[in-house]
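Contents: one structure, followed by commentary.
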Amino acid sequence: METCTTAPAPRTLETHPRSPISAFWRMAGTSTRGKDELNPIDCQGRGPDVLNPSNININDVLGNYSLTLIDTLDTLLVLGNVSEFHRAVKLVIDTVSFDKDSTVQVFEANIRILGSLISAHILLTDSKQPFGNVGLEDYDNELLHLAHDLAVRLLPAFENTSTGIPYPRVNLKSGVPPDSINETCTAGAGSLLVEFGILSRLIGDSTFEWVARRAVKALWNLRSNETGLLGNIVNIQTGQWVGKQSGLGAGMDSFYEYLLKSYILFGEKEDYTMFQASYESIQNHLRRGREECNEGEGDPPLYVNVNMFNGQIMNTWIDSLQAFFPGLQVLNGDVENAICLHAFYYAIWKRFGALPERYNWQLQTPDVLFYPLRPELVESTYLLYQATKNPFYLHVGMDILESIEKYTKVRCGYATLHHVVDKSKEDRMESFFLSETCKYLYLLFDEDNPLHKSENKYIFTTEGHVVPIDKRFREKQWKEMLPFEEAVLSDQDKARLPPANTSNCERIPDERRYALPLKSVYMRQIDQMVGLL
């Protein structure tokens, strides 16, 4: 069997003297104060595009509310920088307000802002103190109050919708804009339950979990009777599918992720039942290639985009967001399938030194050429290493790290690649680069990180925020208040339920731990599939 040696510990993005995290915090009191992002090339802050309100690529995310400052709070604790964490928390408390005339996407505000505030609050007040004594003197739950205030401002999205599926955008001052569209994507509407659910259980108010869970159930009830699949864009008033594409990438990804993570956090059986049914439909209709990852003949396994009603292939591209799925498969215990899909995305990375936003697997060429420093491949690499302890994934991490250093590093941080072939850059560094990409890379190599040593278990939100698996989140004070009936599970469904607080991941046998995760013949096959050979 082919073997690989343990990768040396690299100089990480944080310890580098020109790291993006160092750059951002050095400038926090100057040109970036109050801004949402750092432009890493000109070293200036960026806020919403007020001159062009229709520029949703910017304005969906940037709300003039110190996005990056908030989104990276728990990253500082993961890196062990408690003093900067305290300084950042104080800056948020002293300077951040959500009373802004900003129209933002509900999904982005939820995962980047609300999730980070909740995570930082929990870590500040966690009696188990996984990162040591990080408590802040005179802290009076201000981050939780900010989270609550933001969530209240997002609630109008759930009003005046016939289906219970929320509008995609709200104005933080005035609610849903009069000209708001009635269409939203499945992930955007169905990925609010983790953050809203934790908030509800922290403050004892069922409202937030109720509206988020209602949206999930509304989407679930619109799935195809034939395939069990959902589409990617839905009309929130009619419940009609405007986009009939079913896949694992943009518009769909975190919907599946949050079904499983909600079950892990809250222990609600219906969440796992929905996830398992979704996973079976995905395996039955999206998965192509040979039956076994590491055995047999045929093409390597690949998950394609299909019509939700008949399972027919709709196009021949996949997008970089789909690279999260091997990590979700690890959480579900399907490590073998995770190994195969991860190898496919890593092969694309090896070819270009980055992941193009869309890749045409039939033509073996990118369809959309930019790489905005996304974390999904790094996340799956980290989770596969945690599941297998195979040093191959340290080599993958080293390869990714060196590519990022080589192709994206600029004067004040790391820049989006405009073109993965010619490596031209754009002056943008999205907050998820610090919240997720850097965090997962750091954790991959930091075996002794408190998260790995703690007796408590943790899970990451879809934005990479650290949340403990805590019995507090299994309890709710409003059981009789929710109008939903308890889900009635069949005997078959009950038999498939794992304990919500334990892993159903089968550890890779020791004899495979230091071998390549895929046999060399299958590795070469995947390399050929993406044009490497």
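If you go along the chain as it appears here, the first residue is 1 and each next one adds 1.
Just so it is clear, glycine is given a Cβ too, placed from its N, Cα and C backbone atoms.
According to TrEMBL, the active site, proton donor annotation covers E108 (among others). Other Cβ atoms within 10 Å of the Cβ of E108 (active site, proton donor) number 20 in total over all chains.
What TrEMBL lists as active site is D253 (among others). Around D253 (active site), the C-beta neighbours below 8 angstroms that are at least 6 residues distant in the chain are A187, L321, Q322, F324, F325.
Residues or ranges marked as active site, proton donor in TrEMBL: E357 (among others). If you take the C-beta of E357 (active site, proton donor) and look for same-chain residues 6 or more apart in sequence within under 8 angstroms, you find D319, S320, P366, V368, L369, F370, Y371, P372.
What TrEMBL records for E376 (among others) is active site. Other Cβ atoms within 10 Å of the Cβ of E376 (active site), summed over all protein chains shown, number 24.
According to TrEMBL, the Ca(2+) binding site annotation covers T462.
Rounded to the nearest whole angstrom, the C-alpha distance between T462 (Ca(2+) binding site) and E108 (active site, proton donor) is 11.
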